[in-house]
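Now, the feature entries from TrEMBL:
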type     : residues                                                                       : note
DOMAIN   : 5-143                                                                          : domain 'Lactate/malate dehydrogenase N-terminal'
BINDING  : GLY10, ALA11, GLY12, ASN13, ILE14, GLY15, ASP34, ASN96, ILE119, THR120, ASN121 : NAD(+) binding site
BINDING  : ARG83, ARG89, ASN121, ARG152                                                   : substrate binding site
DOMAIN   : 148-307                                                                        : domain 'Lactate/malate dehydrogenase C-terminal'
ACT_SITE : HIS176                                                                         : active site, proton acceptor
Amino acid sequence: MARKKIALIGAGNIGGTLAHLAALKSLGDVVLFDVVEGVPQGKALDLRQCAPVEGFDVDVKGTNDYADIAGADVIIVTAGVARKPGMSRDDLLGINLKVMKAVGEGIAANAPDAFVICITNPLDAMVWALREFSGLPHQKVVGMAGVLDSSRFSAFLAEEFQVSIKDVTSFVLGGHGDTMVPVIEYSTVSGIPVPDLIKQGRSTQEKIDAIIQRTRGGGGEIVALLKTGSAYYAPATSAIAMAQAYLGDEKRVLPAAVHLTGQYGVDNLYVGVPVVIGAGGVEQIVEIALSDEAKKNLDVSVDAVKELLVACKAIDGSLA
Ligand code: APR
């Protein structure tokens, strides 16, 4: 059987880390694409020189030519720019929308059968735009945010409860970042929901609320520490888990930004919800009953996504 092929669009911090992880895990041959000449080639050369030490046989190639992504099974998109001081939200949207247009057209022309995972921010708007520009089926284009947000939430919960991370599961919905909706009733330590752990005196509502706030601001906390650039190890690790779920037909239940058609009362928008990922891409959307508070928070999150799409449509008339 031929090796799988993983194309990474954007060879920056996350793209390079994705390439490293994909090669270490031998997920398939890796193609690292960027518009900047030399960077994907240099990173690919460096990564190929890991192979003798790590013993992986997959190839890693750097390129500036979309033709090289032909036949990719999975494409992970991190292309774009981060918001810089003085740049308005609409400036950023304008720049990254243009990038999504180029990437969407490149994918449509060269790898229309791929499963596409978008990471570029603002995530919920960019994944929607990427789907529109590429014209791929909705179930083959997803946004990576929920795995990262729930991973951050789980890491903080494990620290709070002083238990192994292996025994913590956490559940988040909604948009990426400030408006994400952690659902503590479905967040557990070995199946024991967080509200029960609070009742047992193992934590307090105040401490859990502080953890939720820290999770929402998880990306910003890292930006403030790094000063230049944003998080990349956990975002890359999260997207690789999604790629593996697809490539291995694992049917994993993971939170992802997906196209909703009425679920959770949301129509024709990309919003973060739990889904089953397998060989068909997004194979099921998992709907759970929400408390009034979670429903209210999800509505706020959905409104924020809608606002972004209005701004996108104003910038690029072809999306309207
Ligand atoms: N096509 C391909 N690559 C592009 C394009 C384009 N049109 N425009 C920019 N790029 C490349 C840049 O050259 C750069 O190498 O995208 C890469 C982005 O890398 P970084 O700036 O290092 O950003 P990174 O930390 O990897 O984050 C990428 O993911 O989490 C989000 O907010 C983050 O939107 C950002 C994205």
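Using N, Cα and C of the backbone, Cβ positions are placed for all residues, glycine too.
Contact annotation for recorded positions (GLY10, ARG83, ARG89, ASN121, ARG152, HIS176) versus ligand 1: GLY10, ASN121, each with CB under 6 Å from a ligand atom.
ARG89 (substrate binding site) carries a helical DSSP state (H, G or I). Here the C-alpha separation of ARG152 (substrate binding site) and ILE14 (NAD(+) binding site) works out to 17 Å.
In the three-state DSSP reading, ILE14 (NAD(+) binding site) counts as helix. Residues GLY10, ALA11, GLY12, ASN13, ILE14, GLY15, ASP34, ASN96, ILE119, THR120, ASN121 are listed as the NAD(+) binders, and the farthest two of them sit 17 Å apart at their Cα atoms. Per DSSP, the domain 'Lactate/malate dehydrogenase N-terminal' (5-143) is made up of 67 helix, 25 strand, 47 coil.
Listed in sequence order, ASP34, VAL39, THR78 are the same-chain residues at least 6 apart in sequence whose CB falls under 8 Å from the CB of GLY12 (NAD(+) binding site).
In this structure, the recorded positions ARG83, ARG89, ARG152, HIS176 were compared by how many other Cβ atoms lie within 10 Å of their Cβ, and the smallest count belongs to ARG89.
Secondary structure from DSSP puts ARG152 (substrate binding site) in a helix. DSSP gives HIS176 (active site, proton acceptor) a coil state; it is part of no helix or strand. Here the candidates are the recorded positions GLY10, ILE14, HIS176. The one whose C-alpha lies nearest to that of ARG89 (substrate binding site) is HIS176.
Here ARG83 (substrate binding site) is compared against the recorded positions GLY10, ILE14, ILE119, ASN121, HIS176, and the shortest C-alpha distance is to ASN121. Largest CA to CA distance in the substrate binding set (ARG83, ARG89, ASN121, ARG152): 25 Å, whole number.
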